[in-house]
Structure formats: structure tokens, C-alpha cells
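The annotation compositional bias 'Low complexity' is assigned in Swiss-Prot to 1-11, 583-622. Among the features that Swiss-Prot reports, region 'Disordered' is placed at 1-29, 48-138, 560-708. Feature annotation from Swiss-Prot assigns domain 'WW' to 21-55; the stated evidence is sequence analysis. Look at Swiss-Prot and you will find 54-67 tagged as compositional bias 'Pro residues'. The compositional bias 'Polar residues' annotation in Swiss-Prot covers 75-88, 116-136, 623-654, 666-680. As annotated by Swiss-Prot, compositional bias 'Basic and acidic residues' applies to 93-111, 682-699. Residues or ranges marked as motif 'Q motif' by Swiss-Prot: 180-208. If you look up Swiss-Prot, you'll see 414-558 marked as domain 'Helicase C-terminal'.
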């Protein structure tokens, strides 16, 4: 009986790989008997690593050796000593018990394997492949710092120098050094293979610093701009946890990722499938706007990972069709956006159904007080990783930004110039403020350039079809509302055009962030009109912060009184842009001169026109005596938001001076008595313009859309 157990242990133990004459001496190849992974062992230095060793150049000085340990020809004993060394190195207090457990495990396996196992080292990957040997927690087994040294991987940059170079700051105790190369991560070979086949040569800064923290079972708050590689920053540690725990996926997911929009959710799902395929990790995506039936069937088959929007997940939880009792790894992606959209109650309701002993990772592009509050409530002693300056909104410096100060009738001609200047087939996103304008532009551009529209009124099937054609290049121009500003992760977008300026510089930064992703460069064009002047000051700060040139026209607009209300965007719910609050959506404001982007505005007749032209949306009420009612969609009318938690984000019911209203708003003409248009083309309209407004000659094309 004892001999049979010893034989079984020997069969499962590591063994020498076939001789490889290309390996530099004295390195030897070894094969893990449990997983079949190939790794390498140096009998002289006792180093163990997964990356293939290379002979050091003759002129290079020898790498600094770790403190001298007694040499022992017994690799198994040296491995136990290495395990003890790992326990003494940089492990936080709550992790030391786990390291002691691993060291005991090494010794037990060495004794059970007999004399054969004493001839080859036992790596940490053996414990990762055997879930029963691990403590029952959500921790991932993290590679020790001395197993994959930076010297072995060819990068001798110090952690401090790497952090300074990439503007990484850490808030919290005992944060491990970043993984500056993929070889230093110790990830399983199949995961490394998927990452390298995807074309990544090195971890992004957020990945480099968040991976070692996540693998130590620490909660994380990661503050980084969009396009920084955060998706893999939380997915890969989740994969490693799944491989270790090996829960029954039919009993519920182990990893839960919450996302603000269905576009972002589906893209996270695509990444999970792509990089988890070789590890046989299953995932399901739950989002609104699509039938529940197929999603419920996918859940019944079992899913290791669930990626969900808060609203749809709450619906399914109320149906009792999914259980979260197994979730031990929770991710809140774009947490600031979820709070901005009013999802905080749904998030808290979901978290109540997740076990308290979990690991929570929060990724956000900004760090306002609302995000700080929910982080303090949901996370336990987190390590905060900041990439860049978190005290102010900054744009990606890889994006070249051009701001054209123009009038609304000039937009169409300028857009045509931009599109003609691009290489054929270049992927371009054009952002508009209204759904109707999206459809209008897409129809006008479709024949010559190939364009499609995406916004909240599109069905999920239509959205999927449009995004599929855009990704494939069959339809290289995408016209979108802000629903696509966050969530779209298409790495080869060349140009972003802000046809209409958004309702705040934070949305501007997220819009242009669709280009210049994953280390690439991009170009952003923005049309900036008089009614956008209230954002001029903040826009100049964004441009200067990204080392972009600022036109004299834009500076003149600032000097004439264009302002952004606050030098920083971290405003409370009663004094941020347009009364916008993270928890309460959009508030109602009452003022004579309307200078904010949202709200219900009440003023007197004398200020009606000036206030109207200083806004993009709102309910405008002038002196109703003798007024007629007109409804228009030139800026934004009757626009419901793309998420159910929003109040109507751009909703205009305009009682005003019916005689001069058309001329006051985006006025231009093709015929002197034409005031109604067909929505199938660009709007042509005419009224007698006031003398103090600038107009194009008759026959010029305007861009507003009428909605009678």
C-alpha cells in the first residue's frame, strides 16, 4: 500500500525534460507531472523560472546574487529553503499563514514522492494546479519576487524608476513591485501564449502594478484613463483564481464583473472568451435590451465568469435564476460611470448577495468623492493604484487634438474636409448630441463613405450588427451618441470627430479616448460653437494638460467670458456641471440666464433668446404672453437616455417667440419661405434672421434637424 502511494506520488511529481543542447549550462528543463508545464531549473543558483533562459552576454557584469544560502545538491531541499525565503520576503501579515501552508505542503510532497522527487525541484506552479492544497480563500497564488527576477527577464529597471517613468503612485501598505515583463509574472504558459499572440510585448502600467497586488488577494482601487489595458488587469488574476478553486460553475459564478453599459459588457465578455479559451474558462454576459431567454440558458449551462450590467443582473436575481454565493472575486469596472448613471442602489443590492470574504477590485477613470465613498464601503483595506494625476481630468497625450471654433452651418463642410483627408478605410467615430442627428448624418454619409449610426433607440441586434460591420471595416464610419463614448474598445480607431460638443469636458475626454488606445496614436477633431463657450476655459485646461496647441480663437472665447464653472470636475451634486450629480442624475435649476447644460429653466421673456443660445438642452419658459409653442431637435429634443436610470438627458420643450425662434437657433436658408423639412436629409430652413446674427448665404447647407 505504501509502495503504491509512493509510486503514485512519483508519477505526479516533476521529472526531467528530454535533454536540450540549446539550453545554456547548467540549466535543465523540467516537466510538472500534474500540469505538464515545462519550466527551467539552475542547479547552481537554485533559480526556477518559466521563461527560457538565455546565455548572458560576455561583457555583461554578473547579476547581483541573492544573499548567500548554503549550497545543497538536493533540489527539493533547496526548493523548501526558497519557499521559506519567500515567506520572509515582503508578504503582508495576512498572507504569511498562507505561505507557511505552502512551505509545509512542499515538505509533505517531497517526503511522499520519495527519492525520485528529491532529484528535481518542486515549483510553486504545482501548488497552483492542486486546489486541495490551498487555503479556502479568494486568494490567487502569487509568484515570488525572487523566482522571476528582473535580471533573469532582461529588465533591470528598478520598481521606483518604472513607477516614476509611468506616473504610477501607490496609496496603501506593502504594495509589491510591478511586473515589468510578462516573463516576470509567472502566469501559466497557456495564458502567456494568448497574451503574446494578441500582440502585447509588455504589460501596460496598470497591468504591471495591479497584477501582483491582485495575486496577493488584496482589494484594489485602480484609477487610470480609458484604453489603459485595465480589462486584462482584472481578468487574468480572475483566471488564475478559477484554475485554483475549480468550483462547479453550475452552482453559480466565481468571478463577477459589473459594467455600466451593454457595449462595455459585451467587450469584456469577448476578452474573457479570447484569453480564457485555452484555460477552458466559461463566461456569460447579462445585459438589458436583449431577450432574457438565451442569457438564462447560458447561466443554466454554468459559467465561471458573469459579466453584467447592474439592471439586468438585478432582474435575474429577483427571478432567482442565478446565485452569487460562490462569488469570491468581484470587479466594478468604470465605477465612476456606473455611479454617474445612477446605478449605486443596484450595485449595493448586488453586493449584499456576495459573500463578505471576497476580493473586490474597482477600476475607475476618475476619483470624485462619490466613488471614494462607495470604495470605502465595499472594499477592505485596498491598495490604490493611480496612473497619472487623479486630482484633475486629463486627456491621453497620445491623441492629437484639434478644436475648430466655427458656426453650426459650417460643420457639414468641415466634416467633409476631414473625411476626405483620411486614408480610405480608416475607422472614424463621429459623436453627435442627439439620436436624430446620428441617423441624419449616417444617412448622408453612407453612400459616399460608408457610415452607420448607433444610439439608445437601436435594438440590441441592430447595435451588434453595426459594431460588427465597424470592427470588420465594412462600414468604417460610426456615428454615435455618448452611449458609445464609454465601453467601445476597438484598438484601430484612427479619428474621432466631435460634431457636437458634449455636455462637459469629462465626456469630451472619454469621447476622444476611443482613439489612441493600447499604445497607439490618434487624432481628435472638435467643432466648438458659441453655445459651447461655457466649456471653453475647461477645454483649454484639458488641451494644455495634454501639451496640445490652443488656437487664438478659443483663447479669445475664454477672455470674452467663456468659463467652465469649476477648475476641477469633482463638484458636488448641487454645483457640478448643469447641476449634475452622481447619485441623483440631473437636477432642476431655475435662473434668468441659463449657463448650464441641463435642467428646467425658467426666465423672463427678455432673457429667453440669450439664455437659449447659451444652452444645449433644457425646458425654456419665457413670458408666455402671446407666445406660441414650437418643438425642435436642432440641439436635442425628446431624447431619452440610453440607460433606464437616467433622467432624460437632453429634453427640450420650448415655449418661445414663434416668430423669431427658428432664426435664432442654427438659422440658415435655402429658400426664403421654407421652414419645415424632411428628416431624410440635412435641414434646410429659413426665417428672417435678426441683424445681430451671422448667417451663410442662401443655399448654404445647415446641420440642424427639425422635429415638428
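Using the three backbone atoms N, Cα and C, a Cβ is placed for every residue, glycine included.
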Over the span of the motif 'Q motif' (180-208), count residues by DSSP class, listing helix, strand and coil in order.
13 helix, 0 strand, 16 coil
Which residue counts does DSSP give the domain 'Helicase C-terminal' (414-558) for helix, strand and coil?
70 helix, 26 strand, 49 coil
When pLDDT is averaged across the domain 'WW' (21-55), the result is 75
